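J.: Quick paste of what TrEMBL says about this protein:
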BINDING   Gly273, Cys274, Ala275, Asp279, Lys289, Pro307, Asp308, Ile309, Ile310, Phe326, Lys340, Lys344  CTP binding site
DOMAIN    7-179  domain 'Flavoprotein'
DOMAIN    186-397  domain 'DNA/pantothenate metabolism flavoprotein C-terminal'
REGION    1-190  region 'Phosphopantothenoylcysteine decarboxylase'
Amino acid sequence: MQTLAGKKILLGISGGIAAYKCAELTRRLIERGAQVQVVMTNAAKEFITPLTMQAVSGRPVSDSLLDPAAEASMGHIELAKWADLVLLAPATADLIARMSAGMGNDLLTTLVLATDSPIAVSPAMNQQMYRNIATQENIATLERRGMHIWGPAAGEQACGDVGPGRMLEPMQLVELCEQFFADKPLKGQSVVITAGPTREAIDPVRYISNHSSGKMGFALAEAANKLGAKVTLIAGPVSLATPAGVERIDVDSAQSMYDAAMQHATTNDVFIGCAAVADYRPATVAEQKIKKTDDSDQMTISMVKNPDIIASVAALTENRPFTVGFAAETQDVETYARGKLVKKKLDLICANDVSVEGQGFNSNDNAITVYWHDGKQSLTLASKQQIAHQIIMTVAEKLDA
Ligand code: PMT
């Protein structure tokens, strides 16, 4: 798909071993419709030849500030204005330091000074150089000036060290470029999402919970963030990394999830309840670990109802957010989901049949039907990331309508 059709990307390559990946990166960008103008530092040419980069980009490489012939075709100021995005990959510690200091002692740093296009920096260097306080401060300076910092990844390095400092893989950089240029239908909107299970304590060491992994809710948070929203993720106890750019609030019980949800619901535009909230909790929590007794083979736990978080949000009379629920069903999915849509007064409900193997709880994939009062949309089995993207796009359409 031509996801980057017509986009002009100035690819600035500095002198690190990861420069060899730039041929692949350029090919993948061009495959998606981008025009790529390569600019190389002198050190970069020690790692990959300008001839290779010219061949893959289909354009002569720019590498000199003081070359009359190059200046006559596209001068450095013109080049700086041409780009929709300046992508510096690999960006060595030296290039980052020179940019941080505002130097313009070669074509690439001069272009960085002369452009008002967005700049993305993909650091690549030895892990110790990356960890060095000077490099860290330089990167923080670039970030503060509004540059996008893409990476680095951690892992085995060309020098044999292991740690952070690997340039992101070409396809990861391509995806970041795609995200950068993608339409952001939720720009200016804020979204609260609940995710994962709740834990209802029985005593200090035992609880009642369920199989929710948080994957669906975290995928929704990531998708909403990528589509431009400011995202607050209220997470039950799960072991997932927080998606980049998302604010996370960790909670435990249904009551603590309710408190966090009610605190944020009125100040956000959209509320999505994806968490598998326990409907009931033990009426009392034993102060000490409950002991097994010899005189009975049974034990009974008396339960009381938890507050219904999503119904409470949907019932708000002032500053009510657009409210999206989930329905985890094992039979008669449409009837039960539509019943919850009406009873809980939701705007949308995303129903999943959790009796089907390979979808629903704790799986990587899901299949969802989104219902609203006079319509529905079926999202067939796909990764939770893809399903989340489609749900968020549907939410954006409904907000727009
Ligand atoms: O976390 P994963 O492993 O990725 O799995 C994803 C999922 C299966 C948990 C998710 O897709 C899902 O279906 N979430 C909702 C689970 C659920 O509790 O469904 P329900 O039909 O019991 O509840 C209906 C709605 O009411 C939900 O939006 C739920 O968040 C909300 N609810 C329920 C009880 C309660 N006390 N408060 C609530 O807000």
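Quick reminder: no glycine exception, Cβ is built from N, Cα and C everywhere.
Curation plays no part in TrEMBL annotations; they are all automatic predictions.
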J.: Using CB atoms and a 10 A radius, I'd like the single residue among the binding-site residues Lys289, Lys340 with the highest neighbour count.
T.: Lys340
J.: What does DSSP assign Ile310 (CTP binding site), in three states?
T.: helix
J.: Averaged over the domain 'DNA/pantothenate metabolism flavoprotein C-terminal' (186-397), what pLDDT does the prediction give?
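T.: Mean model confidence (pLDDT) across the domain 'DNA/pantothenate metabolism flavoprotein C-terminal' (186-397) is 96.
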J.: Just how spread out is the CTP site if you go by the largest Cα to Cα distance in Å among Gly273, Cys274, Ala275, Asp279, Lys289, Pro307, Asp308, Ile309, Ile310, Phe326, Lys340, Lys344?
T.: 37
J.: For Gly273 (CTP binding site), what is the tally of other C-beta atoms lying within 10 angstroms of its C-beta?
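T.: Step by step: centre on the Cβ of Gly273 (CTP binding site), count other Cβ atoms within 10 Å, giving 28.
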J.: Measure from the Cβ of Asp308 (CTP binding site) and count the other Cβ atoms within 10 Å, all protein chains considered.
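T.: Within a 10 Å radius of the Cβ of Asp308 (CTP binding site) lie 18 other Cβ atoms.
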J.: Enumerate same-chain residues with a sequence separation of six or more from Ala275 (CTP binding site) and a Cβ-Cβ distance below 8 A; give 'none' if the list is empty.
T.: Thr194, Ala195, Gly196, Pro197, Thr198, Ser212, Gly217, Ile234, Gly236, Met257, Ile309
